[in-house]
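> A single structure is presented below for examination.
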Amino acid sequence: MAGELKVLNALDSAKTQWYHFTAIVIAGMGFFTDAYDLFSISLVTKLLGRIYYFNPASKSPGSLPPNVSAAVNGVAFCGTLAGQLFFGWLGDKMGRKKVYGMTLMLMVICCLASGLSFGSSAKGVMATLCFFRFWLGFGIGGDYPLSATIMSEYANKRTRGAFIAAVFAMQGFGNLTGGIVAIIVSAAFKSRFDAPAYRDDRTGSTVPQADYAWRIVLMFGAIPALLTYYWRMKMPETARYTALVAKNAKQAAADMTQVLNVEIVEEQEKADEVARREQFGLFSRQFLRRHGRHLLGTTVCWFVLDIAFYSSNLFQKDIYTAVQWLPKADTMSALEEMFKISRAQTLVALCGTIPGYWFTVFFIDIIGRFVIQLGGFFFMTAFMLGLAVPYHHWTTPGNHIGFVVMYAFTFFFANFGPNSTTFIVPAEIFPARLRSTCHGISAAAGKAGAIVGSFGFLYAAQSTDASKTDAGYPPGIGVRNSLFFLAGCNVIGFFFTFLVPESKGKSLEELSGENEDDDDVPEAPATADHRTAPAPPA
């Protein structure tokens with residue numbers, strides 16, 4: 001049985017070794033790039049509006065029209081959703097390693113192409129930018145199921161949660177780096193090409209050279225991805241895929257002996273036995289009986305979490321303006337506005353985002369996934385209500401810092417909570433031959449939530465007073481009521497967490513049921529399953 005395969009037992013009981021940390025860095029740099037690319041757009045959207053939608057007759061600086069802003073902010077999420085489903089499925093069909101390099105090269109190419117977006121009109125530039133950001137998102141989407149699955153299948157069961165969490169925690173550094181790069185670029189351009197505030201000189205407040213600033217910020221994301229490509233190609237296929245899906249226990253033992261200091265004996269007959277028993281398909285009656293409620297729990301929790309998380313993260317600049325933590329747009333030049341938005345996001349990343357990720361790394365294998373996720377949803381709800389109920393108090397002079405502190409705590413408990421655990425758990429609780437697919441489905445549900453948040457929040461957060469809305473937007477429900485809605489999403493996630501099993505300290509095969517006999521599964525020749533081609537020797 002799978003639980004008795006020596007190659008898998010050796011992986012579960014292996015001491016933490018140098019290659020584990022190497023794998024964390026290789027997989028983590030993908031997530032560093034993912035976070036940088038997905039969140040860097042929020043740093044430059046105000047600048048894009050000033051450059052391409054400038055109206056000299058307007059008292060306010062140019063801003064992206066509602067449909068354009070929604071597309072620029074949300075199109076990468078649409079690509080990510082599609083990529084999660086496609087590459088998740090492909091990772092179970094072709095193997096984790098074969099697909100892993102494809103996603104990274106797609107990210108590198110589209111990162112560079114995003115910064116080279118062109119057109120004879122504003123619409124042309126935005127259309128080109130959206131095209132490349134969709135395919136950038138497609139590559140990013142593949143990184144979610146593949147990185148999580150690869151790390152879970154390499155790790156030992158004692159520290160598996162920390163290893164997967166460490167990969168995901170690189171997102172925090174991606175966010176931070178995005179802010180730092182934007183600060184450096186905007187400061188450098190501002191010092192070289194200084195400009196007056198918009199209200200003092202509407203045309204001169206946006207210097208022509210500012211068109212290079214946003215391009216540099218977007219293109220920088222290609223560098224860490226490119227540096228990681230070689231090492232991804234050197235990684236061997238995971239032993240769990242090779243033994244349980246490709247049915248080659250000998251190759252699995254050989255691969256793991258090369259990279260981990262463990263003695264492994266091949267057991268082809270036991271691997272064949274697992275293949276004969278574990279043949280039920282995705283969404284079959286047996287799958288739904290074993291894992292249906294688990295998949296429902298992971299998808300719903302990730303969906304509602306990302307509505308709250310991404311709507312808040314993408315639109316930090318709007319929230320900061322609403323509480324007057326950022327000056328009014330017409331009192332700043334274009335590059336000064338970019339600098340101050342980037343500085344604010346960097347501060348939140350440094351104080352709220354990164355600590356939350358690493359608290360998860362340190363505590364997840366001590367207190368478990370369930371407690372962290374449940375507690376995270378609870379405290380996110382509490383802090384969002386703490387922002388929403390006395391919202392008018394936070395907008396009065398002298399109370400803005402308190403708002404930012406409370407806002408940072410919501411990010412802390414998102415990352416020391418469901419933002420991390422919703423990524424980790426789907427990589428642990430499903431069978432090896434469906435693991436990448438199920439993680440992709442769960443992650444795609446999350447990105448559907450991100451799309452709802454990124455598109456919906458643009459409209460919902462608009463003032464209820466039509467005279468105070470951004471140009472082109474109808475009146476919304478306001479930031480205060482939007483925060484109430486996001487708190488409600490967290491409440492839903494709290495209750496659906498009870499559908500997700502605790503995976504701390506258990507082997508992947510114990511969690512997925514692959515080490516259990518099941519009378520409902522008919523005996524069949526090992527060659528009857530043609531759904532996955534055996535992986536060739538590395």
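Please read every residue number as a count from 1 along the shown chain.
Keep in mind that glycine also has a Cβ here, set from the backbone N, Cα and C atoms.
Copied straight from Swiss-Prot:
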type: TOPO_DOM; residues: 1-23; note: topological domain 'Cytoplasmic'
type: TRANSMEM; residues: 24-44; note: transmembrane segment
type: TOPO_DOM; residues: 45-69; note: topological domain 'Extracellular'
type: TRANSMEM; residues: 70-90; note: transmembrane segment
type: TOPO_DOM; residues: 91-98; note: topological domain 'Cytoplasmic'
type: TRANSMEM; residues: 99-119; note: transmembrane segment
type: TOPO_DOM; residues: 120-123; note: topological domain 'Extracellular'
type: TRANSMEM; residues: 124-144; note: transmembrane segment
type: TOPO_DOM; residues: 145-163; note: topological domain 'Cytoplasmic'
type: TRANSMEM; residues: 164-184; note: transmembrane segment
type: TOPO_DOM; residues: 185-210; note: topological domain 'Extracellular'
type: TRANSMEM; residues: 211-231; note: transmembrane segment
type: TOPO_DOM; residues: 232-294; note: topological domain 'Cytoplasmic'
type: TRANSMEM; residues: 295-315; note: transmembrane segment
type: TOPO_DOM; residues: 316-346; note: topological domain 'Extracellular'
type: TRANSMEM; residues: 347-367; note: transmembrane segment
type: TRANSMEM; residues: 370-390; note: transmembrane segment
type: TOPO_DOM; residues: 391-396; note: topological domain 'Extracellular'
type: TRANSMEM; residues: 397-417; note: transmembrane segment
type: TOPO_DOM; residues: 418-440; note: topological domain 'Cytoplasmic'
type: TRANSMEM; residues: 441-461; note: transmembrane segment
type: TOPO_DOM; residues: 462-481; note: topological domain 'Extracellular'
type: TRANSMEM; residues: 482-502; note: transmembrane segment
type: TOPO_DOM; residues: 503-538; note: topological domain 'Cytoplasmic'
type: REGION; residues: 507-538; note: region 'Disordered'
type: COMPBIAS; residues: 511-522; note: compositional bias 'Acidic residues'
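Describe the structural surroundings of these features, if you would.
When Cβ-Cβ distances below 8 Å are used as the criterion, the transmembrane segment (24-44) is approached by residues 72-73, 76-77, 80, 103-104, 107, 111, 133, 136-137, 140, 143-144, 147, 150-151, 163, 166-175, 177-179, 181-182, 213-214, 217-218, 220-222, 224-225, 227-228, 231-232, 235, 313-317, 338, 341-342, 345 of the same chain, each at least six residues removed from its ends.
Across the topological domain 'Extracellular' (45-69), the prediction's mean pLDDT works out to 90.
Long-range Cβ contacts of the topological domain 'Cytoplasmic' (91-98) within its own chain (Cβ-Cβ under 8 Å, at least 6 residues beyond either end) map to 142, 145-146, 149-150, 153, 235-238, 241-242, 245-246, 433-437, 440, 531-533, 535, 538.
Listed by sequence, the residues of this chain that lie at least six past the ends of the transmembrane segment (99-119) yet keep a Cβ under 8 A from its Cβ atoms are 30, 33-34, 37, 83, 87, 90-91, 125-129, 132-133, 135-136, 138-143, 146, 150, 214-219, 221-222, 225-226, 228-229, 232-233, 235.
Residue counts of the topological domain 'Extracellular' (120-123) by helix, strand and coil are 2 helix, 0 strand, 2 coil (DSSP-based).
Long-range contacts of the topological domain 'Cytoplasmic' (145-163) within the same chain, counting only residues at least 6 positions beyond its ends with a Cβ under 8 Å from a Cβ of the stretch, are 11-16, 19-20, 23-24, 27-28, 30-31, 84, 87-88, 91, 96-97, 99-100, 103, 235, 238-241, 361-362, 364-365, 369, 423-424, 426-428, 432, 435-437, 439-440, 443, 503-508.
Packing against the transmembrane segment (164-184) from elsewhere in the chain are residues 24, 27-37, 39-40, 43-44, 147-148, 151-152, 155, 216-217, 220-221, 313, 338-339, 341-343, 345-346, 349-350, 353-354, 356-358, 360-361, 364, 415, 420, 423-424, 427-428: each is 6 or more residues past its ends and has a CB under 8 Å from a CB in it.
Note: the topological domain 'Extracellular' (185-210) comprises 9 helix, 0 strand, 17 coil (DSSP; helix = H, G, I, strand = E, B).
Among residues of the same chain six or more beyond the transmembrane segment (211-231), those with a C-beta under 8 A of the stretch's C-beta atoms are 22, 26, 29-30, 32-33, 36-37, 40-41, 43-44, 47-48, 51, 101, 104-105, 107-108, 111-112, 114-117, 178, 181-182, 185-186, 189, 335, 338.
With a threshold of 8 Å between CB atoms, the same-chain residues lying at least 6 positions outside the transmembrane segment (295-315) that come near it are 39, 42, 73, 77, 175, 373, 377, 380, 384, 407, 410-411, 414, 418-419, 422, 425-426, 429-430, 438, 441-443, 445-450, 452-454, 456-458, 461, 482, 486-487, 489-490, 492-493, 496-500.
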> Does the transmembrane segment (124-144) make contact with the transmembrane segment (70-90) through 3 or more Cβ pairs under 8 Å, each pair 6 or more apart in sequence?
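Checked: the transmembrane segment (124-144) vs the transmembrane segment (70-90), in contact.
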> Please check if the transmembrane segment (70-90) comes into contact with the transmembrane segment (441-461), where contact means 3 or more CB pairs closer than 8 Å and the residues in each pair are separated by 6 or more positions.
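These two stretches do touch.
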> So what's near the topological domain 'Extracellular' (185-210) in sequence-distant terms, Cβ-Cβ under 8 Å and 6+ beyond its ends?
47, 50-51, 54, 56, 58-62, 216-217, 329-336, 338-339, 342
> Using DSSP, break the topological domain 'Extracellular' (462-481) down into helix, strand and coil residues and give each count.
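Helix, strand and coil residues of the topological domain 'Extracellular' (462-481) number 7 helix, 0 strand, 13 coil.
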